[in-house]
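Here is what TrEMBL says about this protein:
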- 34: active site, proton acceptor (ACT_SITE)
- 256: active site, proton acceptor (ACT_SITE)
- 130, 304: substrate binding site (BINDING)
- 235-359: domain 'Alanine racemase C-terminal' (DOMAIN)
- 34: N6-(pyridoxal phosphate)lysine (MOD_RES)
Ligand SMILES: *Cc1c(COP(=O)(O)O)cnc(C)c1O
């Protein structure tokens, strides 16, 4: 029996992508599967989605090459471009599409000796200040890419929204979208802007291509919502078991650093999941875990392989009973907000020793 499993519900994944397509009927879909498909398993997710999407996107060239080696034939986009000049040859050989965000990348493409030109999205900075050409660089870099025989024409345009999910910064988000459209007016190629939050809330950001990431996995990008609020279904359920059930007396001090003290006689459950599986070490006392249909609070510091829950004095729970850390019945959004992080981080942190199973 596995101590911890990440159960991946492929029908939820299909439900989510089909729902997303209804939200953006005029756009082509790039499924974002970077970081092992947000911890859900790259190949499992890519195989499930391949007939439902137009393209995939990843962050690193090795992720893209491993998909090609597994037979994925759809376009694969490198969201951050490439990090070494030699990669241009790989991009051409593996038929990848790359973002091009600065002068160094333009130079590398100009210098590359390749037979087959590469598809590019020129990336501009519209307000995040992370990657992308600034206003005063756009014209020159665009002209050079358009003049370059190594680049497929027409050149696409891509950017990324920094506050599409942030309450109170709607004006700043609107400015970013408007600026993108202003620059886009002089581009003939495809446009690509919206992430998950853009897809859900900002119709003006819906262009030729959209890039859903977190919503594919049934998770909300907004701090005060969960997937169900958007008619999305959670794809990952992280499951474990009780491996011990024990009585403690009022005043007993529990776990490393005695970080929790029993306020009454109660029953503790020991769940076989810890930070060595990717459960957050900083989960505070009271973080919910779902056991036998009820939410019970964590108690004390999360250990590497185990964590404690307070099952309550009347507990009838037994060794072997299932514990759901997040997913079906317990939104990962709720766990993340208790832990002072975002659900993206929790699902990405699933460790290799966790057994990934699909249903
Ligand atoms: C990760 C990423 C996305 C997907 O973002 P979500 O919020 O998960 O939808 C889209 N575009 C870029 C450039 C990214 O890095």
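Cβ from N, Cα, C; glycine included.
Note that this is a predicted model, so its numbers are computed, not measured.
For the pair formed by residue 304 (substrate binding site) and residue 256 (active site, proton acceptor), distance between Cα atoms is given as 11 Å, rounded to the nearest Å. Note on the domain 'Alanine racemase C-terminal' (235-359): its mean pLDDT in the predicted model is 97.
Looking at residue 34 (active site, proton acceptor) and residue 256 (active site, proton acceptor), their Cα atoms lie 35 Å from each other. Ranking the recorded positions 34, 130 by how many Cβ atoms sit within 10 Å of each one's Cβ puts 34 at the top. Taking the Cα atom of each, residue 130 (substrate binding site) and residue 256 (active site, proton acceptor) are about 40 angstrom apart. All protein chains included, residue 256 (active site, proton acceptor) registers 9 other Cβ atoms within 10 Å of its own Cβ. Of all Cβ atoms in the shown protein chains, 11 besides its own fall within 10 Å of the Cβ of residue 304 (substrate binding site).
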